[in-house]
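Annotated features in TrEMBL:
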| type | residues | note |
| --- | --- | --- |
| BINDING | His401, His406, Glu446 | Fe cation binding site |
| COILED | 536-563 | coiled coil |
| COMPBIAS | 108-126 | compositional bias 'Acidic residues' |
| DOMAIN | 152-227 | domain 'ACT' |
| DOMAIN | 222-568 | domain 'Biopterin-dependent aromatic amino acid hydroxylase family profile' |
| REGION | 99-126 | region 'Disordered' |
Amino acid sequence: MAVAAAQKSREMFAINKSYSIENGYPARRRSLVDDARFETIVVKQTKQSVLEEARQLANDASLATDAAVAHFASQLQRQHQAQINDQYDDQVFESEGKSIDHDHENEVESSESSELSSDNEDSDAGLTEEEMLLEKAASEDKDAEMAIQRATLVLRLREGINSLARILKVIENGKGNVVHLESRPSKEQGVQFDILAKVDMTRKDLLALMKILRQSSTLASITILAEDNINVKNPWFPRHARDLDNCNHLKTKYDPELDMNHPGFSDKVYRARRKEIVNIAFDYKFGDLIPVIEYTADEIDTWNAVFNNVLDLMPKHFCMEYRNAFKMLQDDNLFTVDKIPQLRDMNEFLKKHTGFTLRPAAGLLTARDFLASLAFRVFQSTQYIRHNKSPFHTPEPDYIHEVLGHMPLLADPNFAQFSQELGLASLGASDEEIEKLSTVYWFTIEFGLCKEHGEVKAYGAGLLSAYGELLHAVSGKPELRPFEPSITAVQPYQDQEYQPIYFVAESFEDAKDKFRKWVSSMSRPFEVRYNPHTQRAEILDSVDQLNNLMTQLNLEMLHLNTALNKLKMRSG
């Protein structure tokens with residue numbers, strides 16, 4: 001019951017934001033939801049009040065029964081759902097100290113609704129590129145013109161949040177259905193709030209709505225970001241490592257502030273420490289010096305316990321590439337039992353061996369944002385330590401998982417290249433393809449097994465840093481299947497319990513070859529390569545670019561042939 005209740009709390013408050021085109025963050029207009037900490041004021045207040053009550057219950061051992069936790073999870077579900085339904089109606093606005101001028105609302109509604117029903121298709125003045133594409137598609141296909149589509153609108157309110165109700169009425173009268181709404185105070189001068197609204201309506205009605213709303217004095221501007229089945233040219237994705245500053249959107253799943261099953265949920269000291277380190281990550285920008293964290297005695301004790309456990313299991317169960325990198329880290333005095341290595345020092349180590357770099361992350365990132373960083377040979381790493389109540393397990397990535405699980409293998413050239421290719425495949429991919437890529441990542445880089453001299457060894461970070469899951473994986477109980485990306489990509493997985501299925505690669509090289517063949521069948525209409533000299537991701541979409549690349553490759557082949565001939569002459 002307690003586990004089920006905790007799961008409900010995760011689902012209720014899981015915020016899954018990214019720069020996804022389908023989620024409304026394409027091209028040059030990705031500016032509304034660029035803050036991973038953004039939440040609406042109303043939802044935040046509801047969450048805080050209910051969670052504090054749950055924490056008091058958790059602290060009282062005599063009352064913290066499964067039934068009580070389930071009761072509060074149920075209460076949380078009801079309150080949260082009610083809040084979602086009501087957060088933008090009149091009562092919510094009044095509870096925030098504001099009121100709606102209903103007479104003025106009715107007047108505006110009447111005038112704007114009548115305009116909405118009139119014929120406004122005789123002028124294209126002021127249409128954006130996306131709207132022109134929308135109108136062109138509608139004119140070419142009359143059946144599609146009347147089909148319901150989803151569009152994402154950015155509304156910038158001059159008059160404050162009260163005016164939103166009138167705008168929503170206009171959308172409703174224009175036969176639009178609002179399916180998602182977010183708001184935040186605007187940073188633009190003369191604008192009080194930015195609103196992101198996803199609406200379902202026909203293309204014809206959407207175009208009419210855009211023209212009407214642009215005439216409203218309530219709005220400083222209105223922009224359509226993306227719409228299903230309409231191609232927007234040049235989708236936004238990070239083109240340079242500095243653009244990763246915009247790729248720090250979190251999934252709040254397993255957050256100790258929200259998840260009642262998290263070991264730190266009722267530990268005020270742990271949550272405060274966690275918040276302190278998380279805020280350091282939020283403040284980090286490209287080019288900054290990676291901040292040093294002074295770890296406490298309790299945190300070092302937790303590291304000590306896991307480190308010794310890794311030393312015991314490594315000879316028998318860990319792959320050769322991991323063992324070799326671990327030895328290098330010990331030789332550089334980075335891996336010692338009594339000291340947690342600094343992210344800054346680990347960054348220099350990886351840069352020297354494979355060109356991978358590290359940047360602080362505030363928590364569990366969305367799949368799209370995390371995969372995008374790998375394209376630039378950047379690994380986003382947390383810096384906080386798991387709760388000392390649970391040293392051998394963490395429900396989310398912590399620094400011990402990153403350092404002992406991921407980083408040694410990022411120092412291996414083959415593994416580093418495989419990681420980067422996963423990232424490059426994600427740039428500009430659809431949400432469906434992102435889900436498949438993240439599933440491949442899960443069953444390889446997180447929970448992958450490989451063959452070594454006829455034995456099965458672990459190379460996935462979730463196995464290397466969690467002895468319980470590792471022993472389960474090699475126990476003979478779960479099913480072991482050969483790694484085939486097309487099959488692996490659609491396999492459901494467990495993120496709360498041990499996996500019932502693992503995939504075994506013949507080798508890193510074999511996994512890379514299979515992955516490349518699978519990626520080549522993806523629907524992305526362009527190819528992306530990473531230029532290490534400029535740290536840029538380049539779209540290969542012109543003959544000149546391809547000619548330049550061929551020239552570079554021919555030069556590299558010339559050098560390789562010359563070196564090979566010289567070696568043959570020496571040996572001869």
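Even glycines carry a Cβ here, placed using N, Cα and C.
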Exercise. Name the residues of the same chain, 6+ apart in sequence, whose Cβ is under 8 Å from the Cβ of His401 (Fe cation binding site)?
Worked result: Thr382, Arg386, Thr394, Ala461, Gly462, Ser465, Ala466
Exercise. Helix, strand, coil residue numbers for the domain 'ACT' (152-227) per DSSP?
Worked result: 22 helix, 34 strand, 20 coil
Seminar exercise, completed: Model confidence for the domain 'Biopterin-dependent aromatic amino acid hydroxylase family profile' (222-568), as mean pLDDT, reads 89
Exercise. When you average the Cβ positions of His401, His406, Glu446 for the Fe cation site, which other residues in that chain have a Cβ within 8 Å of that mean position?
Worked result: Pro397, Glu402, Gly405, Ile445, Gly460, Ala461, Gly462, Leu464, Ser465
For this session: Based on Cβ atoms within 10 Å, give me the single least packed residue among the binding-site residues His406, Glu446.
Result: Glu446
